[in-house]
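J.: Pulled these features from TrEMBL for this protein:
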DISULFID  33-156  disulfide bond
DISULFID  70-76  disulfide bond
DOMAIN    34-176  domain 'Peptidoglycan recognition protein family'
DOMAIN    47-182  domain 'N-acetylmuramoyl-L-alanine amidase'
SIGNAL    1-23  signal peptide
C-alpha cells in the first residue's frame, strides 16, 4: 500500500511540475475591475423590461450626455435620476439608455450594465456597449479621473468576457447623426487602444 501511495505521489508531482509552479497561479484570480456604483446606490429604478444580449460584444460606443457635469456623488446621482426619468417617460425606453456612465468625480455608474441591452446607439445596442461621460465635452475634456475610470472599465470588460478582446472603440458621431461625445473628447479617444477609424463588420 505504501508503495502505491509513493507512486501516486510521484505522478502528482510530475503533473504539477509539467504545468509549472504549484498549479494554483490562475485559481481564484479576480479580474481587475473598478468599483461601480450600482443603480440602487444612485437611486435608479429597475428596468421595465430586461433584454439580455450575448457577450462578448464587438463595439464600445462613447457618448456624452450634454447635461451639467458632476463632481460629487450626490450631483451625479441627481443627474442620473432625472435622465432615467426622461428616458423612461419621455422616450419610452426600458431603462436609462447607456450601459455605463462616468462622472467627473471619477465614479462609474451602472446603467443597464454589461449583459443587458441598452438604448444608446441605433444599430449598436445589441452588439455594443454604450459608455457616456456625464457633461458636455465639445470644448473641454472630462476630468483625468473620469478618463482613467473609463480605461479601467474597458480593461475590466475584456477580462470578464463582456467585451471582445479585439473590440472596436467608436465615437457615437461615427455611427449616427450626432456630435456626441463632443469634439474634444472625440479627439481624445482617438489616442486610446482599440479606437477604430473605420467600422469593421
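A Cβ is built for glycine as well, from the same backbone N, Cα and C atoms used for every other residue.
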J.: For the domain 'Peptidoglycan recognition protein family' (34-176), report the average pLDDT of the model, please.
T.: 98
J.: Cα of residue 33 (disulfide bond) to Cα of residue 76 (disulfide bond): how many Å, rounded?
T.: 21
J.: Per DSSP, what is the helix/strand/coil residue tally across the domain 'Peptidoglycan recognition protein family' (34-176)?
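T.: The composition, in the requested order, is 42 helix, 33 strand, 68 coil.
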J.: Can you check which residues sit near residue 70 (disulfide bond), meaning Cβ under 8 Å from its Cβ, same chain, 6 or more apart in sequence, and list them in order?
T.: 76, 78, 79, 103, 104, 105, 134, 135
J.: Using a 10 angstroms cut-off on Cβ to Cβ distances, just flag whichever of 33, 76, 156 is the loneliest among these disulfide-bonded residues.
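T.: Least crowded of the disulfide-bonded residues 33, 76, 156, by Cβ count within 10 Å, is 33.
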J.: Give the three-state DSSP assignment (helix, strand or coil) for residue 33 (disulfide bond).
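T.: Residue 33 (disulfide bond) sits in coil per DSSP, no helix or strand.
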